[in-house]
Amino acid sequence: MAFTTKMQRSAVASRSSTVRVQAAGKTVSGSKTVSGGKTVGSASAESRRVAEVQAYLATLPGCGVESGPFKGVWDPLSLAATATVGDVRRWRESEITHGRVAMLAALGFVVGEQLEDFPAFFNFDGHITGQAIKQFDQVQQGFWEPLLIAIGLAESYRVSLGWATPTGTGFNNLKDEYDLGNLYFDPLGLKPEDPEELRELQTKELNNGRLAMIAIAGFVLQEVAEPGVEIFQHLFFTIEKDIVEEIDIIEKDLGLPPSFPVPTLPNLSS
């Protein structure tokens, strides 16, 4: 009984000591406590993380006023608020890659529609025609297999350059020494030696890539909304319609009969 009482007193004393330590603003680890249950140490780490991310963003091309109408970093979803530098590096690598693919896609989209009858083009003797969104299904066997191999080789090369071994802390992370987007592919020697010129060129690439991503999405949606009408057909129709409508307004003001009928958009889906 005496032993039990002694143990209870020790427990009470221990709890009292803990309360006094916590009341003094310290935990056993020595970190100061703040309101909300966080410690000063964790708050300082969070502040350092935010500062590191903001400082890193300031070094990236395409994140300043030189890249567009937005002042500083355009981040409407506040993704950078909870990100690390590693996250930002991975996002930038993704943006560069998707921008480059989109630039090729936007060019190929309109070229494929305009060169469908060109003998040297991959049109399989005229079997590939019409809207670009329909041409995917018209491609015959013998094309996709080499393309898949080429894409696999290109991606393997890109991964070997920039991505860390996907084990432990290296999973889904880029190599620290990797220069984002630099695949050492410059057959024409266009890469400038001057850092300012290089940054300007990188910003232009980013802006063109961003525009291309929006453009290719718009191309697809436009052709889905207007079946059978190719992109250039829609463009030329819009220009022609605007011109005819302006002429019609002028003729009405002058009391003249209309000279041209308002064009209608053809539907080639049938």
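All positions are counted from 1 along the displayed chain.
Backbone N, Cα and C atoms are what each Cβ position is placed from, and that goes for glycine too.
Here is what Swiss-Prot records for this protein:
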- 1-47: transit peptide (TRANSIT)
- Trp74, Glu95, Arg210: chlorophyll a 1 binding site (BINDING)
- 96-112: transmembrane segment (TRANSMEM)
- Gln138, Glu205: chlorophyll a 3 binding site (BINDING)
- Lys204, Gln222: chlorophyll a 5 binding site (BINDING)
- Asn208: chlorophyll a 4 binding site (BINDING)
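Here the features listed in Swiss-Prot are painted onto the structure.
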residue	record	DSSP (3 states)
Trp74	chlorophyll a 1 binding site	coil
Glu95	chlorophyll a 1 binding site	helix
Gln138	chlorophyll a 3 binding site	helix
Lys204	chlorophyll a 5 binding site	helix
Arg210	chlorophyll a 1 binding site	helix
Gln222	chlorophyll a 5 binding site	helix
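On a Cα basis, Gln222 (chlorophyll a 5 binding site) lies 20 Å away from Gln138 (chlorophyll a 3 binding site). In this structure the C-alpha atoms belonging to Asn208 (chlorophyll a 4 binding site) and Trp74 (chlorophyll a 1 binding site) are separated by 16 Å. Taking Trp74, Glu95, Arg210 as the binding-site residues under consideration, the smallest Cα distance to Lys204 (chlorophyll a 5 binding site) is found for Arg210. For the binding-site residues shown (Gln138, Asn208, Gln222), fewest C-beta neighbours within 10 angstroms: Gln138. Listed binding-site residues: Lys204, Arg210. The one with the lowest count of other Cβ atoms within 10 Å of its Cβ is Lys204. Here the CA atom of Glu205 (chlorophyll a 3 binding site) lies 11 Å from the CA atom of Glu95 (chlorophyll a 1 binding site). The separation of Gln222 (chlorophyll a 5 binding site) from Arg210 (chlorophyll a 1 binding site), Cα to Cα, is 18 Å.
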